[in-house]
C-alpha cells in the first residue's frame, strides 16, 4: 500500500469494544467503511460499523473472509493471538505493524526494547519460577510489583510486594505465567503522551495528559498536565523516539512516571488509548481520526489543543450520575452503548471542558 | 414520553442521507442506537447505523415494523408523505412534531404562519393558475420568484421573473403544481440561525452563520457572520419565537435575508441544516447532538462557539480537491460515504478552522 486509501475503502478493525467503536466513527468521517472482527456478540462498535464479523481469532476461515473485504487492518487491543496475525498479514497490511505488537505484547521484550533505546525505565528482572523470583527480589528489592509478561490490563495480572516476604504469595498469583518483577517507582504523578506517526514518517503528538488511576483503572486525564514544560517536551520527544524506532504507523499511547529525577516510561500501547479520549473535545483531529488517517496512508490532521479538558471514565455504577451529567453543559458525553452495567466495566467517559 | 430516553434506547430516523448519517453518529455518542428508514439502497447513514430498513414510505407494514423497534421517531428531511406520518404518529412520538412538518412542507402555509407571528417576510401571493398568476404579478411585481408550494430544495422548483413578461413561462415551469410568487428581496447577505428547543422548552441557538450560495446550493457558511451584533441578536430572537410558537422539539434551521431595513425570513427547515455543519468543529455540542438530545427528551448541551469556522460544501467534482484538503491541518473533513460522484451532488463538507 503506497498511496492513500481512497474514500469508500474499508478499514478492518480487530476488536469491537469502545475503542473500535470510536475508531469506526472516525473512519466514517473520512468516508471509510469499517468492518469489525470481534468474537463476542453485539459489541459496542457494531452500532456504528458498516459490517461486523462475529468469530473467534482461531477461526481461520472467518479471518480470511474478513481480510478479503478490507483494504487495511488495524486493531483496538494489542493481545491479538499470533496465529491470527500470521494469517492476516499474508492478506492485507496490518497497521501498526507486527514489530510494535511483538514488543508490546510482552512486558519483558518491551522493557528490553525501551532500555536499548536509552530510555529510562524502572529496574526489572525476569521471573519464571521460584529460583528466578528469589534472584529478582534480591536484585530489585521491595516494594516492587510482579506483573505477568503477557495479557495484563487495567491492573490485572499484577501483585504488589510490600516486602521480600510477599515473594512466594505474589509468584503464586501469577499461576505459573512468565512474569517481570518491577522496582517500585516513587513518582509524583503519571502522564501519558498520545502520538501519531503517518506512513511517510510524519510525527504528531498531542499535549501530554496527567492521569489519575483508581483501583488500577484510569480515572481521570487532565490537560494541560500540571508538569513543567520541559518534562512535557521530554515526554513528547521520548514518544517520538519510540515511534520512529519502530517505523510505526498509527497512534500509540506512552505512559510515564514523573519523578524528581525525570521521566520513567511505565508502558506503551500500540493503539488509541483511554488517556487520549480528551482529544475528542480538545482538538480538531482526535486520536481516533489521527489513527485512521495514519493507517489509511493519509497525512495527519491537526492535533493542537483548543480547549482544556478533564476526561473522566464512567465505570460501572458511575452511570447513576447520568441525569446530572447530561444536564451539565460543560460535559461532553461519550457513551459506549453497553447494555449491562457491571462493576469495573468502562461504560462511558465524559470530557469536561474546563477552559474553551 | 415524559422522561428522558435512557441510553440503549433506539432513535428512529426517517431518511438515510448525510444528515441521517451525522444524526446517527451523534446518537451513538449519547449511547443510543439508530434505526434508519430509507427507500434507496445503501444510503450514507447505513455505515453508522445499528439497523436499516429499506422500504418505501408507502409500505405500511414496513413503517409499522420500523416504528415498533424504536422509541422515538425523527427525520432528516421535511417532505415525508403525510400518509406515512399518519401511521407513524399512532405508534411512536414524532419529534419535531406534526405541526412543524405541516407548516414547513408548504411554502404558502409557512409564509402565513410567519406573518401571523409578526415576523418580516417577502411579499407573496398564492398562484394556482394563469388567473391567479396575473393577479400575483400585479400585486408583487417583478423581479420576483415563483416557487412550488411543496417539495422544493436547493433551488429546485423555482423560476425567476425578470419582468412581468416572464409570467407565462415561469408558470409553465411549475407543471401545474400549486405555487407562490415571492417578491424579490434586495439583500446584502444571507444568514441562518440553527436553534434547538428541548422537550421542556429550553431554547439554545448557535451563533448565526453567513451563507453564500452557488447555483442555488449552499456553498459556504462563515462564523462569525460579518453582520452587526444587533442583527445577529434579532435573528436569534426571531428563531426562538418560531420554536416557541410551535412548541417545537429538536433543531430548526431559519434562513434570513439581511437588508438595509432589517431581517427578512427566507424559509425554515424543521431539521438539522447544512448551514449548521460548522458546529461540528466550532462547538462542544454540534447541531446533530443538540437535535438528538432534544428528541430524546434530554437537556440541551453547550452550543457556545469555541472556534471560528468556514464550512464549505464539497459538491460533485470538488472531491478532486481531496489530496490538498486531507493535507491541510486547518481543514476538518466530513465525508458522506457516497459511492458515486455526480454533478451537483453533496459529497462532503470541510470545516476550515480560521481561529481556534
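Glycine is no exception: its Cβ is also placed from the backbone N, Cα and C atoms.
Pulled from TrEMBL, these are the features on record:
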- A:107, A:147, A:152-158, A:182-185, A:190, A:213, A:266-267: ATP binding site (BINDING)
- A:111-296: domain 'ATP-grasp' (DOMAIN)
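With the fewest other C-beta atoms within 10 Å around its C-beta, A:156 stands out among the binding-site residues A:107, A:156, A:182, A:185, A:266.
Secondary structure from DSSP puts residue A:185 (ATP binding site) in coil.
For the recorded site, residue A:107 (ATP binding site), the DSSP three-state label reads helix.
Mapped onto three states, the DSSP output places residue A:266 (ATP binding site) in strand.
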